[in-house]
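A.B. asks: Dumping what TrEMBL says about this protein:
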| type | residues | note |
| --- | --- | --- |
| REPEAT | 96-128 | repeat 'WD' |
| REPEAT | 139-181 | repeat 'WD' |
| REPEAT | 182-225 | repeat 'WD' |
| REPEAT | 226-267 | repeat 'WD' |
Amino acid sequence: EQTLSFEFEHEFVQNTARVKSVDMHPTEPWILLGLYSGTISIWNYQTKTEEKSLKISESPVRSAKFIAREKWIVAATDDKNIHVYNYDKMEKIVEFAEHKDYIRSLAVHPVLPYVISASDDQVLKLWNWRKGWSCYENFEGHSHYVMQVAFNPKDPSTFASASLDGTLKIWSLDSSAPNFTLEGHQKGVNCVDYFITNDRQYLLSGSDDYTAKVWDYHSRNCVQTLEGHENNVTAICAHPELPIIITASEDSTVKIWDAVTYRLQTTLNFGLKRVWSIGYKKGSSQLAFGCDQGFVIVKISEGRPQ
């Protein structure tokens, strides 16, 4: 049995205000930061310089995403506003507030003009930017803060949410009630992502119980619990190119797991305190991490089998 081996090179480390959100542009060498200070910032990780920066609120930015096909940034702040900017000129397109509490997460539909927001008001909302950013649907069913939302890449008419009520819920765009609920974490769930291996679909989740879980999407069973973090798991994803799962935590570490055997491969500590977010893009071996004291871009290469 060959063991996977990966090498991790810190390509770019930058100290900044606390980074709550990172997103990598699909074609440009840009990383979008959402900062606790209320600023959004675009860094070029090839030239290692900040290209653009704008303070959009006195409140923290918890989620900021590129909408590359419109040349937009969409960002959510603790004053309950969703802000949309053109990133060429950093001009405001629109700003609106319909949630009753902090907005934790935004997800952009891969093809349709939709954004979903997840909030501490326990509701998810679907926005249609072709219809003047009108709210098309409210998704209700969680009984605590909704921490993250993620579209299903295989079927983007469905999406998943993670909540501090300890559950994951799966939804369809055309129904306000959840399709089904996954329960098994001992505490609140902070993050959710999809991953596909051998044509089978799974969900990933990370929790305040210090664990991450892998769920079989079809049988709805937890097939693996990833243990090893010493504090809340804040972010999780499967790498789009490499067979690894990445978890980030308030214990200041990132852990890399084999996506087939679920064995822990390595633990990374960037010295930037708590890690809040993970960014990646298709076709790239890079990962971005947002932390208390800045952000880091890591390049991953597959080493020789050990």
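Note that Cβ sites are derived from N, Cα and C of the backbone, with glycine treated the same way.
Automated prediction, rather than curation, is the source of TrEMBL annotations.
On a predicted model such as this, the values are computed, not experimentally measured, just so you know.
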A.B. asks: Cβ under 8 Å to the repeat 'WD' (226-267), counting only same-chain residues 6 or more beyond its ends: which ones?
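C.D. replies: Same-chain residues near the repeat 'WD' (226-267) but 6 or more away: 3-6, 8, 190-197, 204-208, 210-214, 273-278, 280-285, 287, 289, 291, 300, 302.
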A.B. asks: Please work out the helix, strand and coil residue numbers for the repeat 'WD' (226-267) from the DSSP assignment.
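C.D. replies: Going by DSSP assignments, the repeat 'WD' (226-267) contains 0 helix, 23 strand, 19 coil.
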A.B. asks: Average the per-residue pLDDT over the repeat 'WD' (226-267) and send me the rounded value.
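C.D. replies: On average, pLDDT over the repeat 'WD' (226-267) sits at 96.
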